[in-house]
Every structure is written in C-alpha cells, then in structure tokens.
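**Q** According to TrEMBL, the feature domain 'Thiamine phosphate synthase/TenI' maps to B:9-189. According to TrEMBL, the feature 4-amino-2-methyl-5-(diphosphooxymethyl)pyrimidine binding site maps to B:39, B:40, B:41, B:42, B:43, B:71, B:110, B:139. As annotated by TrEMBL, Mg(2+) binding site applies to B:72, B:91.
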C-alpha cells in the first residue's frame, strides 16, 4: 500500500552545498529538526555510489520512520526500497515511472506551469513540486513561478503541492494558509551549519508558530 | 524467457566518437554490417533524453531482430523493453540488477580480473565483457587484461565472454578459436566513416574468413 506522506517540510539534499561532513548526518539532523520527508539527490556519481549512499541514508530515514524519495532514478529507489521517486521535466516521464515502480511507490513531479501540473496529475503523479518560486542558486536555469500561477495550479489539481526554489525564513511565510502542503527546501537547510535549527525554524514558520 | 544471444560482434555505442549523424543510423549500419548485438551507452544526457534515444534505437534493433542492451541503467532498459543491461564495476551490482530486472533480462558484467569474473558468474550474470584487452582511447583509465588472465577467466567461468578494449582489425585475430564468444567493439566500428564495412571486416576476421 502507498505510504501516507506528511509533506510539511521536505528536505532535498545537495552534496555540493553541505557544510555537514556526510549526507547521512545532514539527513539525520534535518529529521531531528522536523523534516517530514527526505529526497536524496546525487547528480555526479556512479550508479553504484548513488546506490550505496541511498542505502545508508535509508538506514537513517528508517530509524526515524521518515519517508525517503530518490531523485530521478527509479532503479536506485527499487534497489534500496525507497518510498518513491521525484522527477523533473527532463527525467523519465511519470507514466513510464509508474510502470517501472508499480502502484505502491510515491511519484513526485516538478512543475513550473499550470500545464505541466495538470499533465502530471493526469499521468498519475502523487504530488507536485512547484517552482522555482524565487531565483535560487541551486538551480540557476529554473523558470520562476508567480504566486498567481501557483494559486491557479492549486485550484486546478487536487494533488499535494510542495513549493520549491528560494524557500527560506524570509520567503516561507507567504506559503502559509494558501493550500500548499509543504515547503521543499535545499540550501536553507542543507547549507546551514545548524541543520536541525534551520529545519525547526522553517517548520514553525510554515505551521504558523512564528515568523 | 531469456533471449538467446549471438555474441559474435557486439557494438557498444559512443556518441562522442561517431562520424555518422545519428546513433540510430550508426546502429542500423552496424547491424547491416553483421553486428549481432547492440549496447546503447549514453553517459552525458538526462534520463529523459536517454530514454528517448533508447526508444528510437530499439525501433531499429527490433526491425532487424537484433538484441539491445542498455549500459548502466536498468530503469531505461525496463522503460523501453530492452533485452538487458550491461554494468561495469562502478554501476549497480549484479544481484540488485537481477532483482530489479527479473529472470528474463540479460545482465552483462565488465570484468578485468579473474576474481571479478568469478564473482559476476556467482552473482547471476549472463555474460562477461572482459577487458580492456589493449590500451584504448575510449576508456583511458581501464586496467589492461593480459591474454594469460583472459585464458584463466575462460577456464574458470562457463558464461559467454566478449573481449573489449582496443579490439580492431589488427588485434581481433588473437581472439579466434580461444573460447571467446565475441568481440565487443566501440571505436573500430562507431568512429569509422563506413560503419557497415568496418563491422563486416571484423566479423569476417573473428569468424576466420580473412585477416
């Protein structure tokens, strides 16, 4: 059966931005700070190295009963028994992923337009990552999604939506109480020296306990 | 059921070496020249681009009833219904691949030592790519396998063996009648302006019709 996911605070890893020595340690601190979902992203390593990292990160997420999503690679997700896969528009299409992964895995799709969002829902995605909401150093070529477009997407699809791209303490308050299910964050958590606190602050902002 | 493979002349593609405009055209010419097996290798593209290329190359190999193997990526092989996957020692381990791909897909493993070869057979590989037999521009960091090591591997494992790495008109005759099942070739076919003739010559040499 498909796992029930809390999308409130979704950490996407990025080894290049980390000040923490290992991705396993970064993920553990993020979970302790309140991250509800982890996406492992490894762009510049061999398949074997990706699989080994995914395996050891899975040991961490399992320890805290936190779901693990693998970026781009359904084979790695199957190899380590991760909960699902997140794909962008230049990764494998959602329909093909569903065939490879079966009905029980979570498939997330990045969308930067209403059209992409609607298509992803049609193709069987489980959630959407909508962005980039703001210019971001993590993905310098990403199209910026206006708040207006985000709200159109929210009205058009019934899938859970996380916003991504430039989400930090300053920008996060804008996404409270507008029907967004969570914040997806890369640098504002992973690049911070105190990952646990960075996560805690963002979750509190999103949940409306502080600003 | 697992497809029966003729390993005699195995083309591994390399887009960077091609003088032919498209990989589909290169593959078709190679098959017309006598290549019995095709491996699609795409190292520097998105998963979606890899999948699209694999899909259109599969249309070519299907037209000639020639098996298609995908380098490194079981997800791409599953996506396009290819016959199998070839992995090196830094790709996914054979045992994990078998779990992802099931019993009917072909799994090939690169081995440069007796130990790797024996392990691959234990792990359920269907064939071995042994090499690099000679220094090659395609993989400059590859370990060189001596003829002695190759013969040891041949005696130790019962899997089909293809030799790879620096196989061309000059080196190919050495692999006739020594229990090797085929020649795996990159540049000596794909980099040649007349792919069809290059393949035909190599097959004739291996089959002992010329030198």
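Quick reminder: no glycine exception, Cβ is built from N, Cα and C everywhere.
Relative to the rest of the structure, where do these features sit?
**A** DSSP classifies residue B:39 (4-amino-2-methyl-5-(diphosphooxymethyl)pyrimidine binding site) as strand under the three-state reduction. For residue B:39 (4-amino-2-methyl-5-(diphosphooxymethyl)pyrimidine binding site), the number of other Cβ atoms no farther than 10 Å from its own Cβ, over all displayed protein chains, is 25.
Within 10 Å of the C-beta atom of residue B:91 (Mg(2+) binding site) sit 24 other C-beta atoms, taking all shown protein chains into account.
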**Q** I'd like to know which of these binding-site residues, B:71, B:110, is least surrounded, judged by other CB atoms within 10 A.
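**A** If we count Cβ atoms within 10 Å for the binding-site residues B:71, B:110, the smallest count is at B:71.
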**Q** Within the chain of residue B:42 (4-amino-2-methyl-5-(diphosphooxymethyl)pyrimidine binding site), which residues six or more apart in sequence place their C-beta under 8 angstroms from its C-beta?
**A** B:13, B:15, B:49, B:50, B:53, B:54, B:71
**Q** Looking only at the domain 'Thiamine phosphate synthase/TenI' (B:9-189), what is the mean pLDDT?
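**A** Across the domain 'Thiamine phosphate synthase/TenI' (B:9-189), the average pLDDT comes out at 96.
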**Q** Are there any residues at least 6 positions away along the chain from residue B:40 (4-amino-2-methyl-5-(diphosphooxymethyl)pyrimidine binding site) with a Cβ closer than 8 Å to its Cβ? List them or say none.
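**A** Long-range Cβ contacts: B:13, B:23, B:27, B:53, B:54, B:57, B:68, B:69, B:70, B:71, B:82.
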**Q** With a CB cutoff of 8 A to chain A, go through the binding-site residues B:39, B:40, B:43, B:71, B:72, B:139 and name the hits, or write none.
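**A** From B:39, B:40, B:43, B:71, B:72, B:139, the ones near chain A are B:72.
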**Q** Identify, in sequence order, the residues in the chain of residue B:72 (Mg(2+) binding site) that are 6 or more apart from it along the sequence and have a CB within less than 8 Å of its CB; answer 'none' if there are none.
**A** B:41, B:85, B:86, B:87, B:88, B:91, B:92
